[in-house]
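Over in Swiss-Prot, the protein carries these features:
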type: BINDING; residues: T47, C48, N49, R50, S106, E111, A112, Q113, Q117; note: substrate binding site
type: ACT_SITE; residues: C48; note: active site, nucleophile
type: SITE; residues: H96; note: site 'Important for activity'
type: BINDING; residues: G185, A186, G187, R188, T189, G190; note: NADP(+) binding site
Amino acid sequence: MQLVVVGAHQRTAPISIRERIAFAEAELAQALSSLRQIAVEGFILSTCNRVELYALVEEADGGRSLRQFLAQQRSIDLDELMPHVYTYLDEDAVRHLFRVASGLDSMALGEAQILSQIKTAYNAAQQTELLGTTMHRLIQAALTTGKLVRTETQLAHAQLSVVSVGLSLARQHLDLTNRSVVIIGAGRTGELALKHYLEYTSNITVLSRTFERAARLAEHHKVAAKPISELAAVLQASDVVISCTSSPELMLDFEQAQLLQAQRQRQWVLLDLAVPRDIDRHVGALPEVWLYDVDDMQAICERNRASKAAEVAGAEAIVERELIKWQEWWLTQAVLPTIRALRAHAEAIRLAELERTLARLDLSEQQQQAVSALTSAIINKLLHQPMRAIKDTAASPQLAHAAQQLFRLDFEAI
């Protein structure tokens, strides 16, 4: 078995590529079902900054199959995709996921939202029955690593997020006090944006393609909510727009923005936090319009990364520590078939000899149970040390191979 991850993120692929390969939440079930054709287990992690396929495969070159799968699923030419994707195998794949969960690989160093995004990926894979023992253990280990990094280091303290970076950019152009802010999207990012901007203004309107979600979020924070059908009117009155939907279609195209800005005739800050993008990239060329997408925010995040070198080193040490624990578990899995076969072999002999012996003796049921318990205890004590030795030397499985040959173990009989 080979553990493989194939993916692209904000440092390897521009948003023009990432938005073409991103999976909307509604698309995950079909994609995961198709992934079953090449993977024994797997899951898909798709966020605004990364798209990654994790798979446990039987073939030797699982990376090639996953790259082809991604290209086919997203209808993008493989040659166009290849310069932007990375492939990690086995230990490197596990290390990568642990770093992702820790916020070390995020655009906003230490950001915590990735943990909930990994949980979402886990739930989607679980619903399509694509999670087995290995992937379940891997994801749980990654989440544990992420939590340890956040509790044992200062990495998450005063952390930047895409939302907070966007806020700082907006403040470079406008005094946000009592400004009209529009948030398009009522998911996690939308709620995070709402909490940030409430520190400056209560004149906030939330819109969503599902009005009920916008209404619930707005009611909870005592701001306004509008149906998406009123988007144009709401935008006309706005000073700052934060768009963070998962829509495959643009929420604001160039013609709409041009018409609105001609009517507004004042400064307009547009923060597009969505992948695929919600706002036509040409809108930023309009007079007095400042448009920023997630890639524009990366330089600020990189400066933040450089200032946290000590925290990063501590987090990396935790990742390596947890990776060792994973490797110990993983190596043990490789010898488990031998251990199970050895126990099954011993149990088969015990039962056969017990049956033969009991047939010759006139014992009560209680006596028969006592003899059976005695033979089980003998077998358990005889096997305890050999099985412990096989587990302890899993990294160098000579003992496992020797046991297979000595006892002529039948793995099909397990």
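Using N, Cα and C of the backbone, Cβ positions are placed for all residues, glycine too.
Spatially close to N49 (substrate binding site) yet at least six residues away along the chain are H9, Q10, R18, S106, M107, V162, V275, V294, judged by Cβ distances under 8 angstroms. Cβ-based neighbour count (10 Å, all protein chains) for T47 (substrate binding site) stands at 23. Neighbour density at the Cβ, taken as the number of other Cβ atoms within 10 Å, is lowest among the recorded positions H96, R188 for R188. Taking Cβ-Cβ distances under 8 Å and a sequence separation of 6 or more, the neighbours of T189 (NADP(+) binding site) in its chain are C48, Q113, V162, V163, C244, L273. Look at the recorded positions C48, A112, A186 and count other Cβ atoms within 10 Å of each Cβ; A112 has the fewest. Residue environment of G190 (NADP(+) binding site) contains 24 other Cβ atoms, counted within 10 Å of its Cβ in all protein chains.
The most crowded of the binding-site residues listed here (G185, G187) is G185, judged by how many other CB atoms sit within 10 Å of its own CB. Cβ neighbour count within 10 Å across all protein chains ranks S106 highest among the binding-site residues S106, Q117.
Residue pair R188 (NADP(+) binding site) / Q117 (substrate binding site) shows a Cα separation of 10 Å. Across the structure, G187 (NADP(+) binding site) and Q117 (substrate binding site) are spaced 12 Å apart at their Cα atoms. Residues T47, C48, N49, R50, S106, E111, A112, Q113, Q117 are listed as the substrate binders, and the farthest two of them sit 15 Å apart at their Cα atoms. Of the recorded residues, Q117 (substrate binding site) and H96 (site 'Important for activity') place their C-alpha atoms 15 Å from one another.
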